[in-house]
Structure formats: structure tokens, C-alpha cells
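Here is what TrEMBL says about this protein:
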type: ACT_SITE; residues: E163; note: active site
type: BINDING; residues: D103, G134; note: Ca(2+) 2 binding site
type: BINDING; residues: H113, D115, H128, H138; note: Zn(2+) 1 binding site
type: BINDING; residues: D120, G121, D140, E143; note: Ca(2+) 3 binding site
type: BINDING; residues: E143; note: Ca(2+) 1 binding site
type: BINDING; residues: H162, H166, H172, M180; note: Zn(2+) 2 binding site
type: DOMAIN; residues: 48-206; note: domain 'Peptidase metallopeptidase'
Amino acid sequence: MHTHYYKPVKPFGHLAESREGDNVALLTYQDFYRLNKTGFLDTETLSRHCKPKRTKKELYVVIQENVPPELVNNISQAFSDWEPFVPLVFIKNSDPGGGAQPDVRVGFFKRDHGDGFPFDGPGNVLAHASNGQGDIMHFDAEENWRVGAVAGAFDVGSVAMHEIGHLLGLAHSPDKTALMYAYIGAGEIKPIADDDKDGMRDLYYWS
């Protein structure tokens, strides 16, 4: 399991670094295309990467009931905002059928919530996402969450898009204008930037 954190701009908060190395993106790519997960650019992975990819895969997302109702639409929109740049369609709050589990679960939690990565209350880690057997995206329920640029609060859409970027294989970017930059300020909105789009193109060979 690879866990990534989002933190605010000090002293407000921060999105933490991945605990794994640069092979996280390759592992995510290999998992997506059901390849042998080596974490290396082996012959099978390179061959898959060089093939044209025009078919979009469906991923099922469940936004759990502990998400504040006023934030649900913006979190759902965050998944949709990534769709033009990846070979994916996100199906929100629908049963995948056949007894299958959803691909991603989104929830709001406080402190120790059973996934091995407890939150720390207001002002430090805002959210985290993990790639594993059923991906998760968790928000710290003790943070001040709002929609849009609100003084003293964090934009749930920007943070959600950042965490989705991690779930899709992107690491943090050194580009301060990028959505995948590791820090965000209270009252700040961050859209998907060119650096983020380029990262997805490199991962999925999609434009």
C-alpha cells in the first residue's frame, strides 16, 4: 500500500510526501493495466505503454455517508475534472455489480480511524490517499472545509483533485503552480495545471 498525504502551506497545512520511491507511478500504471507489478519499466510495461490507448476504463467511486452533504458535489466533480486527461470514466455512488467492490472509497474521519494512518487534528495533514486492495481517499474531518476560496478554510475540491492525482499515480511536483505541489494555503484554489496534465500523459499515453 502506498500512502500519500496533503498538507497546508505552513503554518496552515500540508500534503505529505509519498512514503515510497519513484516507482509508485509505475506500480499504479502496472496495476491499472493488470501487468506484473514490478515497479520497473520492464519489457511488458514498455510494450503496453507504446500501444495506442483510446478505450476508457470505468472505475467505481463510493462517497461515504460521513462526507458532509454540502461537499459531496464538489468531491464528485473533482473526479470528473480529471477525466479529460486519463483513460478513465469515474462512476460515482453506483454498484459495480457482480459482487465486486468499488475501486475507490471516499470518507471523512478523525484521528485514528483504522487504516494505520491517523489524522492529527486541525492544521497539519489535510487528507491522504492510498493505493492498494481498494483505494481510499480520506479527509481530516477536523479541518475547516469549504467550497471555493474562503478565508481560513480549505477548498475541498482542490484537495480532492490532488489526492485523486496520487491515486492515479502522480507524485508531488516541485512546480508551485501545479495541483500536485505538496502544499496548499487556506483560502486557496488550485486547478489542474499544465505540469499535472503532462504527468498524466507520461503515465497513460493519453491526450
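Every residue gets a Cβ built from N, Cα and C, even glycine.
Automatic prediction, not curation, is the source of TrEMBL annotations.
Because the structure is a prediction, the values reported are computed rather than measured.
For the binding-site residues H113, H128, H162, H172, counting C-beta atoms within 10 A of each C-beta gives the highest total at H162. Between the binding-site residues D103, D115, D120, E143, the minimum number of other C-beta atoms within 10 Å of a residue's C-beta occurs at D120. Between D140 (Ca(2+) 3 binding site) and H113 (Zn(2+) 1 binding site), the C-alpha separation comes to 10 Å. Taking the C-alpha atom of H166 (Zn(2+) 2 binding site) as reference, the shortest distance to any of the binding-site residues H113, D115, G121, H138 belongs to H138. Counting neighbouring Cβ atoms within 10 Å of each of the binding-site residues (H138, H166), the lowest count belongs to H138.
A coil conformation is recorded for D120 (Ca(2+) 3 binding site) in the three-state DSSP classification, outside any helix or strand. Every protein chain shown contributes to the tally, and the Cβ of G121 (Ca(2+) 3 binding site) ends up with 13 other Cβ atoms within 10 Å.
Its Cβ taken as reference, M180 (Zn(2+) 2 binding site) is surrounded by 23 other Cβ atoms within 10 Å in the chains shown.
Note: the Ca(2+) 3 site is recorded as D120, G121, D140, E143; in the same chain, K110, R111, F119, P122, G123, N124, V125, L126, A141, E142 also have Cβ atoms within 8 Å of that site's Cβ centroid. Confidence in the domain 'Peptidase metallopeptidase' (48-206), given as mean pLDDT, stands at 87.
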